[in-house]
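Listed in TrEMBL:
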type     : residues      : note
ACT_SITE : Lys100        : active site, for sulfotransferase activity
DISULFID : Cys294-Cys304 : disulfide bond
DOMAIN   : 91-335        : domain 'Sulfotransferase'
TRANSMEM : 12-29         : transmembrane segment
Amino acid sequence: MLFKQQALLRQKLFVLGSLAIGSLLYLVARVGSLDRLQPICPIESRLGPLHLPEQIPLRTLQYKRGLLHELRKGNATKEQIRLHNLVQQLPRAIIIGVRKGGTRALLEMLNLHPAVVKASQEIHFFDNDQNYARGIDWYREKMPFSFPHQITIEKSPAYFITEEVPERIFKMNSSIKLLIIVREPTTRAVSDYTQVLEGKERKNKTYHKFEKLAIDGNTCEVNTKYKAVRTSIYTKHLERWLKYFPVEQFHIVDGDRLITDPLPELQLVERFLNLPSRISHYNLYFNATRGFYCLRFNIVFNKCLAGSKGRIHPEVDPSVVAKLRKFFHPFNQKFYQITGRTFNWP
């Protein structure tokens with residue numbers, strides 16, 4: 001009898017112990033879950049009032065990637081769009097340039113932020129007369145679906161150098177935020193040439209050497225009619241934009257630093273856009289095979305930029321490089337003065 005009572009007592013103690021351990025594990029998991037689901041701060045923006053919920057759960061923002069991916073593939077239903085309150089919003093920020101400065105890399109990296117949604121393709125609305133004539137509703141329909149509290153960003157680097165664009169963007173939104181990513185001007189010009197050269201070679205077409213295009217054969221001076229050179233005179237284009245927008249609405253991104261050490265540049269952009277800091281070292285990892293940083297959205301989804309990024313530049317006559325750098329120098333100094341950002345350009 002005593003043996004049975006002892007066995008029954010041990011059985012009860014085992015059940016109680018299991019319940020206690022189970023409860024403890026539940027509490028630990030619950031606390032961890034609550035910690036992971038801490039809401040982010042409401043997004044504040046100088047672009048005008050954003051009608052945000054008081055709290056935006058981070059889980060919701062992270063979940064949006066899968067849902068919005070389905071929308072881009074055309075798999076989402078109207079009921080899903082209505083249920084999740086999805087909208088197509090005009091951009092609150094635009095990467096306006098510059099060509100071969102790193103606009104695609106910047107856009108993809110900003111898309112790591114859960115409060116940012118990117119337009120996948122260059123829309124060319126403001127620099128293309130035919131597209132612009134289609135109207136603002138056409139432009140809006142080219143934007144991705146997003147949650148109301150997210151910021152849509154598009155990039156079209158031709159905007160920076162096209163004369164009509166500043167006024168057109170101003171008419172759409174006079175308080176929009178404008179991102180310009182720049183590289184050392186001579187390096188950018190050579191990169192511009194390299195992309196065009198590759199396109200010619202794919203079509204089995206011949207193309208002049210960079211030196212012949214960049215230097216006027218008659219005067220032996222820098223050829224300012226060559227588009228790759230003109231684009232690198234950043235201050236000339238920026239002055240046209242400043243007729244419509246105050247300098248505070250521009251943020252200059254260091255494209256050279258974005259290649260070698262991207263996180264500090266992205267954190268500066270987060271602050272400029274009044275976004276809570278979310279992009280971290282976890283989201284960026286150096287791919288030794290590719291030679292540049294790739295993106296980590298989560299433990300499952302990673303992404304590297306297209307193989308066309310990081311092309312090898314042709315060798316350029318050092319005397320031509322020196323002549324170009326001397327030519328760009330006074331324009332660079334004025335660019336530093338206007339923007340308040342100095343670069344270590346020669």
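Backbone N, Cα and C define each Cβ position, glycine as well.
Note that TrEMBL annotation is computational and uncurated.
Looking at Lys100 (active site, for sulfotransferase activity) and Cys294 (disulfide bond), their Cα atoms lie 18 Å from each other. Cβ neighbour counts within 10 Å, taken over all protein chains shown, single out Lys100 as the most crowded of the recorded positions Lys100, Cys294, Cys304. Mean model confidence of the domain 'Sulfotransferase' (91-335) amounts to 94 (pLDDT, 0 to 100 scale).
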